[in-house]
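Asks: Take this structure first; my questions come after.
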Amino acid sequence: MDDDGLLLNFAAPDSNASSKSSAQKPVKVSGGRWKDRRKLQLSLSGRGRNKRAETGVNKESIAQPRDFSSSKPQSFREEQLAKRPKYFESRGEGGKNETYVSSLFTSNTKSKLENEKVEEEKTYLPSNAPMKGADDFNGLGLNDNLVHHLTESLRFKNPTQIQKSVIPSLLSTSRDLFVKAQTGSGKTLSFLLPILHKLMQEKKNPITRESGVFAIVLVPTRELANQIYGVLETLTRCHHQIVPGIVIGGEKKKSEKARIRKGVNILVATPGRLADHIENTTSLDLSQLRYLILDEGDRLIDLGFEETITKITDTITRCSRISESTQKWQGLPTKRVNVLCSATMENNVEKLGSIILNNPEQISIDTSKSREGDEIDSKSMAPAQLTQRVVVVPAKLRLVTLSAVLKEVAKTAPTSSTEIVRTIVFFSCSDSVNFHYEAFKRNGSEFRKARNAETNRFEMVTVGEDEANAEGSDTEIPKISSAPTISANSVVYKLHGSLTQQVRTSTLQSFVQAVPFDNSENNYNHLILLCTDVASRGLDLPNISSVVEYDPPFSVQDHLHRIGRTARLGNKGSSYLFLLPGIEEGYVDGKIRVVHPEGSIRITNYETILQNAFGDSSEIKKSDPKSKQGKWDMHATTWHLDIERWLLEDAASHESAKQAFTSHIRAYATHLSSEKTFFNVKTLHLGHLAKSFGLREPPKKLGSLATKSSSTRKEYGEKSRKLEDPRKKMLRMAKLAASSASSEFNY
């Protein structure tokens, strides 16, 4: 039988089936923890979890890099590699104590403002200069002795435009005045001269110090009060019967009471201290007050003195007895004349004017017109002869660029020791002033004012280390030191509201007065004042060649008052405004261009400033033709690294730098809401900004260190302070509260 095509089927046992049957049987595991036994039991039964590969947001394995070869052509990959930067900043764990050393010239944001090429520099006639060819002070109707003293002793030749407008008005009428004029135009003399003229004209019943107070000048800051008082002392030398006086916060009230008790005719005061004397000094007689002058009215409002001023004026009105003495002093006004001086006519100033002034006469010399032809009445203008330079600097390069600007100004200082060049640098907070003062005076000598026994003249003598560290020196000796990190001929000062009044006054006097230094090796003829806005209002500082706004102003009016310290009374001047790349660049066209004459703003490249300051002209590509001229970038980097190493070695200076950094951020966040478009704290690169303070720590660590002072002291090996005795602390706080109860806003 043929069996071809016959198929036989055999049922063989399936191995999978046998395994399934065996797997269905539970596996018993004993010993160990329950969790471990359960995991082992599940794994043996085939029910364990499958480990998934770790993936990123694009579902690609993190362990294996993505392969671009299949999706992108070779030419595209080569093009992308060519676009990559050659240098990268370290983003690892950092060095010792988690610090980072980054390059100054990498990862910087570039400026979008183009450097303006000026083919022919425009020249403007000075807008605040004395009027040449106009009538002199004799033509204004002033007292002959006063005019002779002005022209012969004080060397005033011609009045300014604002003086020519205000003086005749105060002499002829008794109307209240609202005076608006740009800074540096001579407003102080415009209201002091008519008052002195009226008091000097009383021949029948001469004015003496016992006659009472006839004029009060209210000012916002103590420095401005001291300056006006100094001008009054100079003017009254031609008529000793008229006695000026001053009452300001920070001085001893007992001494002020004694001066008031002896008699004062013209009183210069700050609002808080004057209100205190009105309440507590019975010898202060304001019944014959004829003139009330409010200088820098906009600043008085900004500092919150509106309520205090209203209270002062109400008290003066209530105790006035002018009607009883009109026959005795017939040349004086028959009612009180109020004068409000301000750089702007904003709403808050107009509100103060409506409270203080009664049917006032408005005098303004600002007739500038905008580009559209509309007259600008609400804003003051910068002096026409001022050159405004805008420097857009990356955050990391701010400190080294500031030193370069000061080096450049120091090079322009004359070689003669009699000619002195002065520069003012404005900061946003006092902590920043302290840090930069310590940074610039590093390895320098401190000075103080002393009388030479041989010549009987004052000069600046070197302060010894023991004297500088002596107890009480911080409250008595002004902060003056040489600045070898800038130049051999530079001297640096510091001024802010946290200093005592004695130090503030002596610092300003030393900065203004040309006192020779006892060190004959160096010709210290470049004086640098590091300050806050406490020195931006009304101060008439001579020979200010340059003003540097290192931190942007908080308003356009602050900008005008800052730059108004230079280019005064027709003299030329220059100012620098530091801005960061990005949204801050819009501040030029958005805010300040309208208050500057057309063509007076210069966009300056920071690299050009660094090249001029750190480039060595004697080394011009001698051996290496590829090297930059003078290797200015290497010199700038070395200068900045020296600052960083100094902070690492000096724990106190390092703490000062951290405090300055955090205070700078807080101050930056307080810009007006109308300017948040240009100054937004959220757009700051805090790491790069910390670099400009010489810090190597990341900002997050700086913030944590600022809140942990005890750990900071342990880290740098400082001894922890002993707890203060509760009784001594209570007495100290009571004395502090008593001394500051009537003091001014610590600005």
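Quick reminder: no glycine exception, Cβ is built from N, Cα and C everywhere.
Got these off Swiss-Prot a minute ago, pasting:
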COMPBIAS  15-24  compositional bias 'Polar residues'
COMPBIAS  75-96  compositional bias 'Basic and acidic residues'
COMPBIAS  111-123  compositional bias 'Basic and acidic residues'
COMPBIAS  712-728  compositional bias 'Basic and acidic residues'
DOMAIN    401-626  domain 'Helicase C-terminal'
REGION    1-102  region 'Disordered'
REGION    111-130  region 'Disordered'
REGION    700-729  region 'Disordered'
MOTIF     295-298  motif 'DEAD box'
Asks: So if I exclude everything within five residues of the ends of the motif 'DEAD box' (295-298), which remaining residues of that chain have a CB under 8 angstroms from its CBs? That is, six or more out.
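Replies: For the motif 'DEAD box' (295-298), the nonlocal Cβ contacts are 187-188, 191, 217-220, 224, 228, 340-344, 346, 348-349, 352-353, 537-538, 557.
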Asks: Could you count the residues of the motif 'DEAD box' (295-298) that DSSP puts in helix, in strand and in coil?
Replies: 2 helix, 0 strand, 2 coil
Asks: Over the domain 'Helicase C-terminal' (401-626), what is the model's average pLDDT?
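Replies: In the predicted model, the domain 'Helicase C-terminal' (401-626) has a mean pLDDT of 83.
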